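> Okay, here's the structure, questions in a sec.
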Amino acid sequence: MSIPRPKLALTLGDPAGIGPEIVLKALADPEVQSCAHITVVGDRQVLEATYRLLRDRSPAPLAHPAGIPMLECDTGFRLQPGCIGQGDADSGAVSFAYLRTAVERTLQGEFQGIVTAPIAKYLWHRAGHRFPGQTEVLAQLSRSEHYGMMFVARSPHSGWQMRVLLATTHIPLGQVPTVLTPERVRTALDLLVGSLRHTFGIPDPVIAVAGLNPHAGEQGQLGSEEKEWLTELLRTYAHAQIWGPLPPDTMWLAPAQAWHGQGSPAVADAYLALYHDQGLIPVKMLAFDRAVNLTTGLPFVRTSPDHGTAFDIAGQGVARCESLKQAILLAAELLGKNPS
């Protein structure tokens, strides 16, 4: 008995960035076409204008807008050539409208999951939407108190799947020691365990946790957080096998070996990084074109590519759609395992 293909909403992101381009490229891929019923959330004029601009420039195939199912947002926005690669408050406002519409329709049951193309946070702010990013909007609209950013990538070399959750997300580095409380780390671990068990089907997960300081504090000589509370919290955490706190610089050696298929390194089922760049530098070094942002703690599946709007190359036809493709495929895969 075949499993019905899931229904996904795919937002255009900021229309002045590469979002519309990578949407057209991803939807031209037969693997993407066959994995789910995909509806693009946005303005059809944006897709049509992007298609006209790129059809003679793009080395990769583009899906024709006429054949793409659309949920029209009717924002009144018109994509003009002068806006592409620049963006403004108007493009920020419509990208917010696309996301809000996708979430509302998903909560109403029209879709089972959402895949979001990139937005520009500073243009949201110009438009009056003071959110750190799309993740926080999703959480607020779905009334999700605890949520997290997990980055998932499957190696094309070995087939090993890397999973990295961030304990803190879009905050300045100087605020991390204050924001990173025992309660925050415990909540992140709970989110990670829940996702590994219920989303990925791993009943008894092993989780590696990075220290905050160089050498995981060196017994309090290079920082106090590990000695004062982090080590004890991890030792007494009862819902998974925990490795850590591990030195943040060497924790990523085994995942790198597993990614490249080198030897048989001891790898965890997932890795907890304590701040944004601690987790995303290794993820992007290993899997920039393949990593997917999976939001944990929501009542629906949400994925996105792990890159931004790339205004510097928008409108040139050279943007790669691989990360968006992987985001669509992962959402479809997870919904196939856990249909709702």
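Every residue gets a Cβ built from N, Cα and C, even glycine.
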> Which one, His125, His129, His260, His276, is listed by Swiss-Prot in the same divalent metal cation site as His170, His215?
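Swiss-Prot lists His170, His215 binding divalent metal cation, and from His125, His129, His260, His276 it also lists His276.
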> Among Thr135, Lys284, Asn293, Arg302, listed as contacts of substrate, what is the widest Cα spread in Å, to the nearest whole number?
19
> Going by Cα-Cα distance, pick out whichever of the binding-site residues Thr135, Lys284, Asn293, Arg302 is nearest to His170 (divalent metal cation binding site).
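In terms of Cα distance, His170 (divalent metal cation binding site) lies closest to Thr135.
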> If you run the three-state DSSP split on Arg302 (substrate binding site), which class comes out?
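Looking at the DSSP assignment, Arg302 (substrate binding site) belongs to a strand.
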> To see if you understand the setup: which same-chain residues, six or more apart in sequence, place their Cβ under 8 Å from that of Arg302 (substrate binding site)?
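The list for Arg302 (substrate binding site) reads Gly113, Ile114, Val115, Thr116, Leu138, Leu294, Thr295, Ala331, given in order along the sequence.
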> Give the three-state DSSP assignment (helix, strand or coil) for Asn293 (substrate binding site).
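Where Asn293 (substrate binding site) sits, the three-state DSSP reduction gives strand.
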